[in-house]
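J.: Handing you a structure now.
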Amino acid sequence: MNLKPEEISSIIKQQIKNYENKVELTDTGSVLTVGDGIASVYGLEKAMSGELLEFPGEIYGMALNLEEEVVGAVILGDDSEIKEGDIVKRTGRIVEVPVGEALIGRVVNSLGQPIDGKGPIAYTKTRPVESEAPGIIDRRSVYEPLQTGIKSIDSMIPIGRGQRELIIGDRQTGKTSIVIDTILNQKGKDVICIYVAIGQKRSTIAQLVSSLEKGGALDYTIVVSATASESAPLQYIAPYAGAAMGEEFMYNGKHVLIVYDDLSKQAVAYREMSLLLRRPPGREAYPGDVFYLHSRLLERAAKLSDELGGGSMTALPIIETQAGDVSAYIPTNVISITDGQIYLQPELFYSGVRPAVDPGISVSRVGGSAQIKAMKKVAGTLKLAYSQYRELAAFSQFGSDLDEDTKKRLAQGERIVEILKQGEHQPIKVENQVMIIYAVINNHLEDIPIDNIARFESELYAFVDNNYPEISRKILGGEDFTHDLTDAINEFKEKFVVEV
């Protein structure tokens, strides 16, 4: 092989000419210790709180403890591949998730990555998981109703768009059923729903997704899932990721309903992380800032002013109590942050009153101004009659000889309890709710036996819809409907066949 010196020199000159010296400057650190989803990283002097850190093998972490020489980071994923001495890079970005229309109908994890096997998500925008809540000037008071389709809630504990309403109760009292029914009831109402599952079983989430699919609700719903088998940091970050996805729609003038199921598990995950990061424990071993954990999340739900597009984000956080103890640390924290609570009582649930809403200690602090006129008219009387019945029922257990008035009130109360019962995944239109509540408070059901009431109710809806559709229009339009509805109920009662 004959090599000419001039050829070699021309090749070398060409190489030198084309050489570009690219120097990439990144702030790096090295792993000192790792375990239980927590890494101590030496270096990274300029790291920000909440910054995304890159570990080897495309594993990411989040800087939480910023000390003089060491950064305490939580690992968002599997920490088994990370070892002592590994190089950690700063990304210069706060943890962010994909947002926008592309996520609707999908099931994603806490970082917005798809886990439903339907391929990648074609998103064009991301948002930081932590962002500042709208200020006082940016908000307007809640005035539009958000119908749940559940009679006891829409009448006595109404929810408005932009409200935060806590759902609280022991395990297995129907908390998730209420929020699923609320999501199903948003069909055709131009509301985007986000369901954030924290610390739940995968089988439960699979069941829930199939319920939403059957009801056609997945077309306007995003499911964010951080299951019980995932690390504490992913369970901690899931609600903030869901809120970021919702904010994108809210700031674009749309209406969002977001469910956090449930925040007690998020608090437990945060406690685990904080103790591993050696933060000082407080009451029930929770860190001192556990109130701020939930307040900064729930303050992001708002009804925006018209100048900002008038969008809204309604939050339904769920808290699980132990043996009905609503005065524990986390329940009292969240009760004080939210605009009211729906308390589900195990005794009611087991006695067959489902949904097991206890109107005695349930309250909606701002929802009353969001009720439609017709519902406001009938709901006040209903709540009063129901609470009087509860009092009388407890008292009448001790007395055998009751006067006629007391017997009448007890009979009416029994019928109120009966009409407030509702099957799972069977939301009822607000105009139909008004009809049956009007019937019971005006004693139109006093001669109908208790075991016939459910049938009477469903047949009444069909009768009015088929023969007097204008009544529904009047109820929704805020016109006077009482005479027409009374006549329709009386006509229907004549045709109704009581089954013994």
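Glycine too: its Cβ is placed from the backbone N, Cα and C atoms.
Residues or ranges marked as ATP binding site in Swiss-Prot: Gly169, Asp170, Arg171, Gln172, Thr173, Gly174, Lys175, Thr176. What Swiss-Prot records for Ser362 is site 'Required for activity'.
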J.: Helix, strand or coil by DSSP: which one applies to Gly174 (ATP binding site)?
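T.: The three-state answer is coil.
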J.: Let me know the most crowded of the recorded positions, choosing from Gln172, Thr173, Thr176, Ser362 and counting other Cβ atoms within 10 Å.
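T.: Within the set of recorded positions, the most crowded position is Thr173.
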J.: Go through Arg171, Lys175, our binding-site residues, and report the one whose Cβ sees the most other Cβ atoms within 10 Å.
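T.: Result of the Cβ crowding comparison: Lys175.
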J.: Any idea what DSSP makes of Ser362 (site 'Required for activity'), helix, strand or coil?
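T.: In three-state terms, Ser362 (site 'Required for activity') counts as coil.
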J.: Cα-Cα, whole number of Å: Gly169 (ATP binding site) versus Ser362 (site 'Required for activity')?
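T.: Cα to Cα, Gly169 (ATP binding site) and Ser362 (site 'Required for activity') are separated by 11 Å.
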J.: Out of Gly169, Gly174, which of the binding-site residues has the smallest number of neighbouring Cβ atoms within 10 Å?
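T.: If we count Cβ atoms within 10 Å for the binding-site residues Gly169, Gly174, the smallest count is at Gly174.
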J.: Near Asp170 (ATP binding site), how many other Cβ atoms are within 10 Å of its Cβ?
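T.: Around the Cβ of Asp170 (ATP binding site), 17 other Cβ atoms lie within 10 Å.
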J.: For the recorded ATP site, enumerate neighbouring residues of the same chain (Cβ within 8 Å of the Cβ centroid of Gly169, Asp170, Arg171, Gln172, Thr173, Gly174, Lys175, Thr176, site residues themselves excluded), in sequence order.
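T.: Apart from Gly169, Asp170, Arg171, Gln172, Thr173, Gly174, Lys175, Thr176, the close residues are Glu320, Leu344, Pro346, Phe349.
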